């Protein structure tokens, strides 16, 4: 295309949606069998978009169902409602000025906040929840621990370092977005930064809420038995502990370190059944051998 038009490559193919909807179709039109490849290309875009929506929708819906357990029996209704709400929220992007909204969201909502959330996730799982606890969770689900050196390097070393480097480099290289020759006004950029903060504000908000809730608990039985620990350190330890309901979804799988803290006898019984102790089938078998 650059050779045919006599223009530099940077003027023929630019980033953004124009690359997929203008540059690629023009390139396909001059290829042998252009209409066929154009159909295949746009079919690929359609399947790629649908596949991405499945992942995004499943994350939001699963979070709602886990938070509001009474909605689990209405999963189909929740899914349909979510899709309808997202459909109406996306209609402004299909309007004549939708490309400006799309560019604003693309530059702000899916850039800095993603790397910030990823870095915080690395720190929470690898260092606060604990890498060994995370490996034990995987062993419980898969039956064996994964290749630990690789996981340790990616989750505890390379992952946090790379995400924080990318985050700060994005901040340093950040420029206010433009669409062609149009420069966004100050209120549009303020709206963009509001989108960045809206996805991050819940992390410190929930943290402060949990710390306040832990501070109000004065009964020492709620805290680990460490007599010399100051109250604020007990608060931090208690707020960092997993919730009492944390563990496998099915009750019969809650044994060992996942046993219910509210009913230790039930947890011990489930552990005995899991390992063959206190099992009526084994008792009958032992009685049969004794009689022989």
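Using the three backbone atoms N, Cα and C, a Cβ is placed for every residue, glycine included.
Some features that TrEMBL has for this protein:
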- 48, 51, 52: Na(+) binding site (BINDING)
- 36-65: transmembrane segment (TRANSMEM)
- 77-102: transmembrane segment (TRANSMEM)
- 108-129: transmembrane segment (TRANSMEM)
- 150-172: transmembrane segment (TRANSMEM)
- 192-212: transmembrane segment (TRANSMEM)
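Features recorded in TrEMBL, as mapped to the structure shown.
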| residue | record | Cβ contacts under 8 Å, 6 or more apart |
| --- | --- | --- |
| 48 | Na(+) binding site | none |
| 51 | Na(+) binding site | none |
| 52 | Na(+) binding site | none |
Considering the transmembrane segment (36-65), which listed stretch of 77-102, 108-129, 150-172 counts the most C-beta pairs under 8 Å:
77-102
Residue list, the transmembrane segment (77-102) vs rest of chain: Cβ under 8 Å, 6 or more residues beyond ends.
17, 57, 60-61, 64-65, 71, 179, 182, 184
In the same chain, which residues outside the set 48, 51, 52 have their CB within 8 A of the centroid of the CB atoms that define the Na(+) site?
47, 49, 50, 53, 54, 55
Is the transmembrane segment (108-129) packed against any residues at least 6 beyond its ends, judged by a Cβ distance under 8 Å, and which are they?
155-156, 159-160, 163-164, 166-167, 170-171, 174, 177, 192-193, 195-196, 199-200, 203, 240, 242
Per the Cβ under 8 Å criterion, with at least 6 residues separating them from its ends, the transmembrane segment (192-212) contacts 104-105, 107-109, 111-113, 116-117, 120, 177, 184, 235-236, 239
